[in-house]
Amino acid sequence: MKKFLKVWSVLTIICMTVVVFGGALVTKTGSADGCGNSWPLCNGQLVRLTDVTPEKLIEFMHRMTTGISSIFVIVLAICAWIYMKNRRETKPLAIIAVLFLIIQALMGMAAVVWGQNPYIMALHFGISIICYASIVLLALMIFEVDRKFDARNLVMGTKLRINIYALTIYTYLAVYTGALVRHEKASMAVPVWPFENGKFIMPDSVQDYVQYFHRVAAFILIVWLLYVTWLVFRDYRRYRVLTFSMVLSLLFIALQAVTGALSVYTGVNLYIALAHSLIITMLFALLCYLCLLASRSKSNRLRIK
């Protein structure tokens, strides 16, 4: 059973990664209306080879991979619930994974049938990364990563725990601003990075405001992440799980900044934009894992005593 769970959890992560990629691809290529206003089929029927368009194919494939991923997520949640029922985080994570998967699908359906609001569609991406993060956490528990890094002896102080919780919430909000950039079609609102002609110019449109707000949010995220990394290496260097996680998070945020800048300089190159979406999804999942470790800190302290 354990071997099956390991293989299944990896396959589920791969499936959900494809879903995240697919959602970003739908947005980047303007394929959201590729299947008309019917759901789950395309214009009320299966796609026929005689009338396939790139937009229709992308949208239909996204719906199909979402359906397949739903099966993987539900099976993983049920098996983890049964096999790891003695772990206190298992049931909440399984519920979150399935619940947010359903919400994500319903929001996608609503956007197709009743039209798309950029602010709601930006939240659609936010829902998907919560589902993704919960699946990653279940997989890490299945692979017993805690034992490999001796995380069971990890004790965090209040300052670090609060910073990790707050940073994770803030990262989610920063992700929302990035998704809003895509859905408001503001990617090239300010075509020079970080500012136009090297200096700040007052925005004069909604797209300008959205783009500037995202860049400021991203800058704050980088600074905050550097601060938390400094805290970890100053006070918690003996815990490999923390130092490794923070180094990995710095790598993710550096790649995120680079792909963000390149997105502007390349006129929103499709592959760079997709990488930009995937990297922040993985960073959010990593921060959620740190939140999981922080939530165990008190019980670890009591057990060690």
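Note that Cβ sites are derived from N, Cα and C of the backbone, with glycine treated the same way.
Swiss-Prot assigns Leu5 and Tyr236 to topological domains bearing the same name, which places both on one side of the membrane. Partner cysteine of Cys42, as given in Swiss-Prot, is Cys35 (from among Cys15, Cys35, disulfide bond).
Cβ neighbour count for His214 (heme b binding site): 25 (other Cβ atoms within 10 Å of its Cβ, all protein chains included). Residue pair His124 (heme o binding site) / Glu59 (active site) shows a Cα separation of 15 Å.
Over the topological domain 'Cytoplasmic' (85-92), the average per-residue pLDDT in this prediction is 87.
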